[in-house]
Amino acid sequence: MADQLTEEQIAEFKEAFSLFDKDGDGTITTKELGTVMRSLGQNPTEAELQDMINEVDADGNGTIDFPEFLTMMARKMKDTDSEEEIREAFRVFDKDGNGYISAAELRHVMTNLGEKLTDEEVDEMIREADIDGDGQVNYEEF
């Protein structure tokens, strides 16, 4: 996971990590974790912090070393990216911005992508994703 980070990102994380590793022993306490992440533009909730710490802090001693920290940050960034990518993709389909993808909007985008679909195929795609049966696809269904 951490191998997907650029050298620049790793250097950035190392710098931030060092700022909070007061005694220079290569570990930070769980209390410092939130401060470190916020300094890097992340905005974790208390619950997220606790979950991350529980996942990373294998021995439960309340400290995290740099390799553990890198793994955690890589995971956090990946989650953020994919959520944002899904949102952007939804906006591409939701032409009128009303929060729903209609059959007409789906047909329009698929045609622009070079996919000539029959009305039946479009309706079938909508039906497969349309959990609440309103004939459209909302963000959650998407």
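Just so you know, glycine gets a Cβ as well, placed from its N, Cα and C.
Quick look at what Swiss-Prot lists:
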MOD_RES   Ala2  N-acetylalanine
DOMAIN    8-43  domain 'EF-hand 1'
BINDING   Asp21, Asp23, Asp25, Thr27, Glu32  Ca(2+) 1 binding site
DOMAIN    44-79  domain 'EF-hand 2'
BINDING   Asp57, Asp59, Asn61, Thr63, Glu68  Ca(2+) 2 binding site
DOMAIN    81-116  domain 'EF-hand 3'
BINDING   Asp94, Asp96, Asn98, Tyr100, Glu105  Ca(2+) 3 binding site
MOD_RES   Lys116  N6,N6,N6-trimethyllysine
DOMAIN    117-142  domain 'EF-hand 4'
The DSSP breakdown of the domain 'EF-hand 1' (8-43) into helix, strand and coil residues is 23 helix, 3 strand, 10 coil
Across the domain 'EF-hand 1' (8-43), the model's average pLDDT, rounded to a whole number, is 82
What is the separation, in Å, between the Cα atoms of Asp96 (Ca(2+) 3 binding site) and Glu68 (Ca(2+) 2 binding site)? 44
Fewest other CB within 10 angstroms, which one of the binding-site residues Asp59, Glu105? Asp59
In this structure, which of the binding-site residues Asn61, Glu68 has the fewest other Cβ atoms within 10 Å of its Cβ? Asn61
Give the three-state DSSP assignment (helix, strand or coil) for Glu68 (Ca(2+) 2 binding site). helix
In terms of DSSP three-state secondary structure, what is the assignment for Glu105 (Ca(2+) 3 binding site)? helix
With the fewest other Cβ atoms within 10 Å, the residue among the binding-site residues Asp25, Asp94 is Asp25
What does the DSSP secondary structure composition of the domain 'EF-hand 4' (117-142) look like, as residue counts for helix, strand and coil? 11 helix, 2 strand, 13 coil
The domain 'EF-hand 2' (44-79) resolves under DSSP into 25 helix, 3 strand, 8 coil
Let's check the environment of Lys116 (N6,N6,N6-trimethyllysine): how many other CB atoms sit within 10 Å of its CB? 9
Ranking the binding-site residues Asp21, Asp23, Asp57, Asp96 by other Cβ atoms within 10 Å, which is at the bottom? Asp23
